[in-house]
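Residues annotated as transmembrane segment in TrEMBL: A:20-40, A:60-81, A:93-114, A:135-160, A:166-184, A:196-214, A:252-272, A:293-318, A:346-373, A:394-416, A:451-471, A:543-560 (among others).
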């Protein structure tokens, strides 16, 4: 959800002193990745196995995959960069910009998603609204997934070139090949299992880095002491300087942070981005599906520390980081600490974790792309009503095509990186109205079948007009792109909602009988199944997990708010 | 029941994942045990330069032991609580 900071990805001169030990650790990982793919092959018999792991995985697996699918390397490097640039304010992307949305997905939306048995997010739109809404969201999602996968691959090649000295094309082709192999062979199960593994490896890399970084600058007190002197006290406060009208480096005030980031952007991403929701849909029953984002919320609350602290430490070690004088960009924060602090051995783990995170970020997009392209586009609009083995084979071919397209996108990004950044911004505006369409569609029975499509179009257009015309042309002054992004999200949300209500008033509602299990207050047939054994244990109660996560995130704000 | 529900229920019945997918705990346990041993040994044989770089902490030793503990945790969990075989469909009531 977070792009890397602007500017060149990594400075030269960050070459890591890797040796044979580090490469052994890396080679073992690549072998295991492929092994998982081959071992998962036996479990793929139907298209449902390939695209959704047969809806049969346990909650802790889907939960860790849910958080890992978001923990791609662009996210890790980008969030550390945000920490080095804006200071403690980076916690907003976690505690208000993720946790409430994840809990809402688990407690409120999952019964409709999982219970209606849809296989993808666009398929829900087809059930609740109509074919135009479905086709529009499927096509845009498919394009965006390939674009993001390609950008991930490109970012990987830049980082690997700087750190290990491999030419860019080598890492693009090698990483692309591994992702292609393990997803084509093992399907979503293989992608999810690799994400769970990546989750632990990246933590094994980031925790030692954080500990050593803190020790290097004299512990937390030493860190805050030096930053207070060099950057001022607002740098160490989550809300300092965010009063309306105050100037702060983020370019956003508390209202746009809460509404734009915390509500619209975050709910749009976490509750309607299929690359995330797919992990929950592959859970083995409704209880496990509800718990998927809730289990993910707890690591998400604490991951910010192992990302933000390296960013802050980098800001102490190189006070001018991010400016021309230092020779380092904000994105260099984590690679810089790896180079400065990690001896061979742990260094190999860190390199492995970073590469694994890049591949997982790409794989999450490829494994959701192949599902939407096969189940939503091909099987519904192009070649319909064939038997399941046809769609399973087609899914495998589309996976290969998707990876090749991402490789192509990565090479394009290498030549036209500005266009890529522009495209990413463009697609990000599509996520905004998705949430408003879902929320109104799920909670207002009257919302008509036609209102979904027009809500999507109006919200997207409004967000884009606000960003590209009103902000970029300077009609209204907003200090930063970041702040403008938050405001555009709010504008898109409101426009989508208004248009949906207006269209609904003039068009026919969907017959009540067809809304069963799709709208709040109705139930899917067959949803009354008894919880499976053990799911009634107190620590598995979704409400407890969900509210526990919200309270914990709120409590985490306390030390950084006064 | 809608057409979609029927179709997905059919596929769920034929699905092989629940019965044939291996347990990820074995892989996590195995990989982290191996990594833990490798990195712990690197810690036990750390040079002075390694220690100096890591601000005086034997980071390989501590990280290695941590990874080893995680790996063993998964293996023990797997050993204590193996996956229950999928429950067979309830037998038809005897006459």
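In case you wondered, yes, glycine gets a Cβ from its N, Cα and C as well.
Counting residues 6+ beyond its ends, the transmembrane segment (A:394-416) has Cβ neighbours under 8 Å at 47, 50-51, 145-147, 149-154, 157, 168-169, 172-173, 176, 179-180, 183-184, 187, 362, 365-367, 369-371, 373-374, 378, 383 in the same chain. Counting Cβ pairs closer than 8 Å to the transmembrane segment (A:135-160), the top stretch among A:60-81, A:196-214, A:451-471 is A:60-81. Long-range contacts of the transmembrane segment (A:293-318) within its own chain (CB-CB distance under 8 A, at least 6 residues past either end) are made by residues 59-60, 63-64, 66-67, 70-71, 76, 79-85, 87-88, 90-91, 93-95, 98-99, 102-103, 105-107, 110, 199, 203, 206-207, 209-210, 213-214, 216-217, 223, 226-227, 230-231, 270, 276, 280, 326, 328, 330, 332-334, 336-337, 340, 542, 545-546, 549, 552-553, 556. Within the chain, the transmembrane segment (A:60-81) has long-range Cβ neighbours (under 8 A, six or more residues past its boundaries) at 1-5, 90, 93, 151-152, 155-156, 159, 191-193, 195-196, 198-199, 202, 206, 275-276, 279-280, 282-283, 288-289, 291-296, 299-300, 303-304, 307-308, 310-311, 314, 329-331, 333-335, 354-355, 357-358, 360-362, 364.
Beyond the transmembrane segment (A:93-114), the same-chain residues lying 6 or more positions past its ends with a Cβ under 8 Å from any Cβ of the stretch are 1-2, 79, 82, 121, 124, 257-258, 261-262, 265-267, 269-271, 277, 280-281, 283, 286, 289-294, 296-297, 300-301, 303-304, 438, 442, 517-520, 527, 542-543, 545-547, 549-550, 553-554, 556-557. With respect to Cβ pairs under 8 Å, the transmembrane segment (A:196-214) is most closely packed against A:20-40, considering the stretches A:20-40, A:166-184, A:543-560. For the transmembrane segment (A:346-373), same-chain residues at least 6 beyond its ends with a Cβ under 8 Å from one of its own Cβ atoms are 16-18, 21-26, 29, 33, 51-52, 68-69, 71-76, 119-120, 122, 138, 141-142, 145-146, 148-149, 152-153, 155-156, 159-160, 163-164, 175-176, 178-180, 182-183, 187-188, 191, 194-195, 197-198, 201-206, 208-209, 274-276, 278, 334, 338, 395, 398-399, 402-403, 406. Remote same-chain partners of the transmembrane segment (A:166-184), defined as residues 6 or more beyond its termini with a Cβ less than 8 Å from a stretch Cβ, comprise 30, 33-34, 36-37, 153-154, 156-158, 160, 190-191, 194, 355, 358-359, 362-363, 366-367, 370, 396, 399-400, 403-404, 406-407, 410-411, 414. Beyond the ends of the transmembrane segment (A:20-40), by six or more residues, the same chain brings 178, 181-187, 189-190, 193-194, 197, 201, 344-345, 347-349, 351-352, 355-356, 359 to within a C-beta distance below 8 angstroms of the stretch.
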